[in-house]
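Trainee: Sharing the features that TrEMBL gives for it:
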REGION    191-258  region 'Disordered'
COMPBIAS  205-243  compositional bias 'Low complexity'
REGION    273-302  region 'Disordered'
DISULFID  Cys345-Cys360  disulfide bond
DISULFID  Cys384-Cys399  disulfide bond
DISULFID  Cys423-Cys438  disulfide bond
DISULFID  Cys443-Cys455  disulfide bond
DISULFID  Cys450-Cys468  disulfide bond
DISULFID  Cys462-Cys477  disulfide bond
DISULFID  Cys505-Cys520  disulfide bond
DISULFID  Cys547-Cys562  disulfide bond
DISULFID  Cys567-Cys579  disulfide bond
DISULFID  Cys574-Cys592  disulfide bond
DISULFID  Cys1332-Cys1347  disulfide bond
DISULFID  Cys1437-Cys1446  disulfide bond
TRANSMEM  1454-1478  transmembrane segment
REGION    1482-1537  region 'Disordered'
COMPBIAS  1505-1515  compositional bias 'Acidic residues'
COMPBIAS  1528-1537  compositional bias 'Basic and acidic residues'
Amino acid sequence: MGHPGRREAIVTGLPVCSARVDVRSGDLYWLACNRRDIGVIQTTDMSPRILHHARSSIQHLFLDWQRGVLYWLAHGQPLQALSLAGGAPWDVWNETWPGDLPAAMDSRAFSMLWSSALGLQALSLTKRQAVTLAPSWSHGLVAAFEPYLVSANGTALLLWDRRTLALVLSIPAAGVKGVVAFVGSELQAVPPSKGSAVPLPPPVTTTMRTTTSTAAQPSTSTTTPLLSQTTTAPTSKATKSQTITRQSTSKKTTPAQTTAWTTLTKTITVQPATSTTRSFTAKVTAPQPTTTTPRSNSSARVVIPTPPLRSSPAHPLTPVFHLSCSRMHVPCHDGTGCVAQEYLCDGEKDCADGSDEDECALCNTPGAFRCASGAVCVGAGERCDGVPQCPDSSDEMGCWTPTQECALRCDAATRCIPRSWLCDGHTDCLDHTDEQGCVLKKCGPAEFSCQSGQCVALALYCDGDHDCQDGSDEEGCAVPRPLLCREGEVTCSHSRECVLEAWRCDGAADCGDGSDEQGCPWEEGLCEDHQWGCSHGHECIPDVWRCDGETDCTDGSDEVGCHPAPCQSHEYPCGLGSCLNASLVCNGQQDCVDGSDEGGNCSVPCQRSCTHLCNPSPQGPRCWCGPGYQLAEDGLSCMDIDECTEWGKGACSQTCLNAPGSYSCGCLPGYILEPDGHVCKLAGPEPKLLVAVQSEVLSYGLRSGHEDVVLATDKDRVVFSLDYDLVERKVFWMDLATESIRWQDLNSGKKGTLVKGVRSDCIAVDWLGRNLYWTDGVAGQVLATRLGSAWQGIPEYVVVMDGDLDQPHSLVLQPLAGLMYWSEVGSHSRLMEASMDGSWWHVLLAQGLGWPTALALDLSTQRIFWLDEKLGSVGSAHLDGSSVKVLKLHWVQSPFAAAVCEGQLYWSERKTWSVQRVDKASGKNRTVLLKRHGQPHGLQIMHPALRPTAPNPCEMRGCSHLCLLSAKHTGQCRCPAGLMLTANGTTCLPIRNLTFALFVSPAAVAQVYLKDLPASAGSQGLPPHQALSLAKVSHLTAIDYAVKDRSLYFAEVGGNFIGLLRLKDWGRLSWKKAVAVEGTVKSLALDWLSGNLYWIGGQPPSIHVASPRGRWALALLSEGLQGAAWLALCPRASTMCFVTAAGSHGHGAVVECAAMDGTGRRAVWRKAQAPTGLAFGGAGTRLYWADHERGTISSVELDGSRFRVVREGLHGLSLFTIGEGFLLWSTTSTNGSSKIWHSRLEQAENWWFLMEQELVAMRIYSQFSQEGTNGCAKSNGGCAQLCLPNPAGRQCRCSPGYHLVNGTVCVLAPPCPALLHACPDLQSCISREQVCDGRPDCADGSDESDCASEKVGTQVPAVVPSGMSHVEQKPVSSIAAPQPWQPHPSLSAVPGPQQHGKPFVVPPSTEEVLGAVPCSSETCNLRGDCAIEAGQVTCHCTLGYRGDYCEEAEVQPLAGPIVLGVAVLLLLAAAAVGALAYMRRQDRRRRTSSTASTRVLTLYHRESDPEEEEEEEEEFPPKSDTFVNEAYEGKEELPPC
């Protein structure tokens, strides 16, 4: 391939990361950088071709050109091989490759070597056995060529003796990434008579191509070839001739006439120092050194020396040079020459130092093995150790010994037959040796030997059931035959046996005389769907059996009238439907029965340009294609037939690989391909069928028929569903009598209980993730628990799937993919697929199902099988729900469980009390395996290959309780009932341990975990707690807490603000004023999803809301709020509730609710007296409160229904709260002391403890009580200012002084000129005379509302936010709303609270309000030109206006009403034009900029805000017992409100 000395590019079509060359053909084999595609470029056509596509990522690719085989190692896969010619790959070694480990192939020793934590290991590819060469090896591995190893340590290449692991050579070389070793030409001695020690022949060289971290492309060194010329003279044994070797440094040398052979010597290039290689001659010729100049490149050629002979006292081992001898020679110890291997230990000293005869006594030691060459001996321990020591590797030949996996070698030692295949009745060798010489197996002492040779457990002898296939276990039994058959049995006509009535006419003879199958009625009626009726009309077969080449109807009508199969491209169709090979057409002989293959135009010569063959035919010359091809539409060319696609699973039982003109089949790990080349059969131990029959679990050998009792329970108990675990060797089963899942050790027989209090139709073992799953049809759930858990009285399982499950029944798992499948047999039967962690699910199949009661997975074909009790059918489909096939089989009546093994489908039949099997593809060859006087239920097939292993994603997850596999090949930690996952995502803690209460006194807050509350009455003082004293706070009135941010919001009497205390930092506790308010806050509540803060305050009371950080605020509700208190929020439901007084003259209170945007206000309960502590409970649809006057704790649904009293008779009720199923309330005695009561909601017991401090509030929190979402939870709902959630989504609102544009944007309302006032919608200005003048002047008509009770011109309408449903009558606002300008003295804003002469909340500037809006006329309120001067926005106002933003009108004498009217009209027109221009500009900006208007959006969970840093903070040192909440971080599942 290519031209010498020329660098050429080879087109591969894909990026290549590794390549190997077949030195025989020159073909290039490469591995693409996707690590899956193996390609080849042949020297014949230089076109790239994909040879194989691997299932997983390939880490190492090796080429053995001597055997013509490619080998590769892929993560999680066994060592695989592929012929260089292509075809199907095969498994060389069944052990899976653990990971990315250094590995090398030694083609000389035919072995694979790798370095891991277990040391240096080698796998003999001949014996397929692995050995450990060194238990500890830290040098890595880059190449191997027996007897050497090559490693790299980052600075040098190291050459090791593989036998002694001694360092032979070290060459400086930095950044070596890979090494390629090859052997130069070997010299052949001419003539083959023995001579003296041969001077060094051209050295065996190894090219090590290294890749450094700095070199992007490896460079190639060019060396001058040296022509070596050797002249030899034949000698005899007595007279040894001298061999003369001359080396010339000239580039061209003409060999002399006496030249025996000529070869090129390879120069030696060593980095970085110059090396000298000496070539030694015989005694006559002096050595002549040859020196090469080193090159700084990425190629290094290193002479690999042959191991020197063993040292002796007479000749100490002092090698002067590292010599290189040919493969059939070894160097002398003194380095003066090489001697042929056959001359070692022959009694004559051929080396000058005699080292060829040293230590030759090894051959005389006992057990020594003499190599086939006769020259070298190896110790007894080195014989058949997997590593060749003999030069000819003869010490590793003939080493095969029978093993469990290879008990017989047949077909000329080309096939290995496992022990379980021997004498199983199925021929697995082409020479039939696996079924020859079979003798009856001797049964064990606890077994009964059937006359057929079958072994069954002695406990099954004379038990009334035929366990032997010949029934011999029930012959000669001493138990008398019953005179009368029991109920449900019938009497055989002649043998007088009793058999079950369900066995009558079931297709299998159970009576000894066969009378139970005689006189059976024919099936009546029409055939159903998926069936075909035979001609005689009383027999139905599956429709796919029609014309399949096999007779299935008793009258053979299913194969009558069938169209013959079309002939293939290499066949000629005869007239009667038969096919004839094309080579027999027009050959002068009539081969077709009708003679249609002769005559006609047979004599016409073939002149067509056919790509394959052109043969004559009676119709004239035709193009023919070889087998595996089909004729193209042009009639000339041939196209390959993709047998894998067109034939489906008919081509191969497992994997299929198409090739030009042919195809090849492959098998999954644990299977071996049968001699037919199509069917895969399980290797290893015999597969066993486990089946639960009444109170027993039986084991049935699928090859030997060996039957045994695995476990037996009490006779009154039924073993229902079952499964097994090969890792711990346990069988698990569902015990319905005790409602528990139990287990038994298969080795020791020890039993135990996994979980109690469950009922299930099906259990399934996750052998990879180490869990057990089961279905609960009544509850409609799929649950899971750990395999290793032990029942200790507390359930430790999780609900994986819940909700929309309609009677789940059968369940199967696919842990390798993290998927599970189950059937539902409720009102709408369906097959479901879901992730094993329950994170997602979907309907796999919902059509054509009756009652799919039994499921089975076939991992080899990636299909799911089900048996339908209602339809009496067997169905199957791909795991994606496609390719559905249904077979109607009349013997499918009441299936319970199913399993697939090799080509068979097994299931248990409850109606006929039997276990049966059929071919999984066709449904034919039905066989009844077991039939007993007991109903079978659970069924599994036990074999290691059916439970393939892989890395467990849960091993490194570190979950404290359960870890469930997911479809993303990861593990998800889950917690049993009563526990919740903490913020670290791995630890589960009881909910009680994660829930805490805040007790609020006038100047301090105490945190108490509910787990620390006393479980008895009468304790003194607070339980263990963390206290926080708030400095400079006089008297707290209300609090709320954000668990995620660890932020405490609080209000105090007369504080005129709501404070914010962040508790993230232990060493710095500081609070600041978050929202400025008017007066005292009675109640406050945080929307912990959006960050909005709601509170009740002001006189008269109003409900207010402020955005995060208090920038925007407005009065949400103001009317009808007399006596308003106890504000409660459920952000997940976008609902708020509060208490109001019943009326000015009545007594009692009303519990009201509304959406969190103020809409949908309604009364929920009107019969309360003195409610306190309003709080949400349950799932957020139920309200709880305590009633001080009634002494009760009550609750009601949000729609006012289902009112109930939770507690009563509580005297002196003061405070109340509820959370996470816990109740807290306080009672006050006459002496002023308080009792804090606590109780579980569902329990009647109450406990209390005394507390001396006065309390003003109590609240319960947990990490999981503040999770969920609503319409404002993300990005402020897209609103510029206030985003208020409601059940339908959200509503954007603006604070006073702004009006809403396009539903999300808030813009400043233009100020009105003198003598004009703004309409409530802030979109127009009117005069006092226009109010209530009978004509609407405001766009919303508000200037004409409520005019009957007012005098025109005396009342100015209040400015209210846009979007309000009614006009409020100017209540005194209790919020200090941001006021960027004063529109008119009559509309002056309420001044905000001051501290040190500065407002708590800095009013936003116009630049801040406009956000990303550029400087424009809108900036100057359409009254001037905007310019940016010295980095500041400056407005140049038009005549008649002044102010920084032209917001003030200059007071001028009026010219008259007409002038005023014209000015107003002009102003309105200009405002309309400006607003239209502004909205268009905003729309364009929104479409072109992803950051538009971001300055007016606020994010609640932002870690830091520059404006916050500027706000003034009160700081104080933490107390000795600092209040921290370090346990609550992260995002978890949504709990109830």
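From the backbone N, Cα and C atoms, a Cβ is placed for every residue, glycine too.
What's the neighbourhood like for each of these?
Mentor: Every protein chain shown contributes to the tally, and the Cβ of Cys345 (disulfide bond) ends up with 20 other Cβ atoms within 10 Å.
All protein chains shown were included, and the count of other CB atoms within 10 Å of the CB of Cys384 (disulfide bond) stands at 18.
Around Cys438 (disulfide bond), taking its Cβ as the centre, 12 other Cβ atoms fall within 10 Å, counting all chains.
Over all protein chains present, the Cβ of Cys455 (disulfide bond) has 22 other Cβ atoms lying within 10 Å.
Within 10 Å of the C-beta of Cys450 (disulfide bond) there are 23 other C-beta atoms, taking all protein chains into account.
There are 12 other CB atoms within 10 A of the CB of Cys477 (disulfide bond), with all protein chains counted.
Using a 10 Å radius centred on the Cβ of Cys520 (disulfide bond) and all shown protein chains, the other Cβ atoms total 11.
For Cys562 (disulfide bond), the same-chain residues that are 6 or more apart in sequence and have a Cβ closer than 8 Å to its Cβ are Arg546, Cys547.
Non-local contacts of Cys579 (disulfide bond) by the CB criterion (under 8 A, 6+ apart in sequence, same chain) comprise Cys567, Gln568, Glu571, Tyr572, Pro573.
Residue density at Cys574 (disulfide bond): 19 other Cβ atoms are found within 10 A of its Cβ, drawing on all protein chains shown.
Cys1347 (disulfide bond) counts 14 other C-beta atoms within 10 Å of its own C-beta, drawing on all protein chains shown.
Around Cys1437 (disulfide bond), taking its Cβ as the centre, 20 other Cβ atoms fall within 10 Å, counting all chains.
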Trainee: What's the most sparsely packed of the disulfide-bonded residues Cys399, Cys443, Cys1332, counting other C-beta atoms within 10 A?
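Mentor: Comparing Cβ neighbour counts within 10 Å for the disulfide-bonded residues Cys399, Cys443, Cys1332 gives Cys399.
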Trainee: Report, in whole Å, the straight Cα-to-Cα distance of Cys438 (disulfide bond) from Cys520 (disulfide bond).
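Mentor: Rounded to the nearest whole number, the Cα-Cα distance is 40 Å.
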Trainee: Out of Cys462, Cys477, Cys505, Cys1332, the disulfide-bonded residues in the record, which is closest to Cys1446 (disulfide bond) when you go by Cα distance?
Mentor: Cys1332
Trainee: Of the disulfide-bonded residues listed here (Cys384, Cys423, Cys477, Cys1332), which is spatially closest to Cys574 (disulfide bond) when Cα positions are compared?
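Mentor: Of all the candidates listed, Cys423 is nearest in space.
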Trainee: Among Cys505, Cys592, all listed as disulfide-bonded residues, which has the most CB atoms within 10 Å of its CB?
Mentor: Cys592
Trainee: Give the sequence-ordered list of residues that share a chain with Cys360 (disulfide bond), lie 6 or more positions from it, and have CB atoms under 8 Å from its CB.
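Mentor: Listed in sequence order: Leu344, Cys345.
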Trainee: Looking at Cβ-Cβ distances, which residues of the chain lie under 8 angstroms from Cys423 (disulfide bond) while being 6 or more apart from it?
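Mentor: Listed in sequence order: Asp434, Glu435, Cys438, Lys441.
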Trainee: Across all protein chains in the structure, which of the disulfide-bonded residues Cys567, Cys1446 has the highest Cβ count within 10 Å?
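Mentor: Counting every other Cβ within 10 Å of each candidate, the maximum falls on Cys1446.
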Trainee: How many Å lie between the Cα of Cys592 (disulfide bond) and the Cα of Cys443 (disulfide bond)?
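Mentor: One finds 57 Å between the Cα atoms of these residues.
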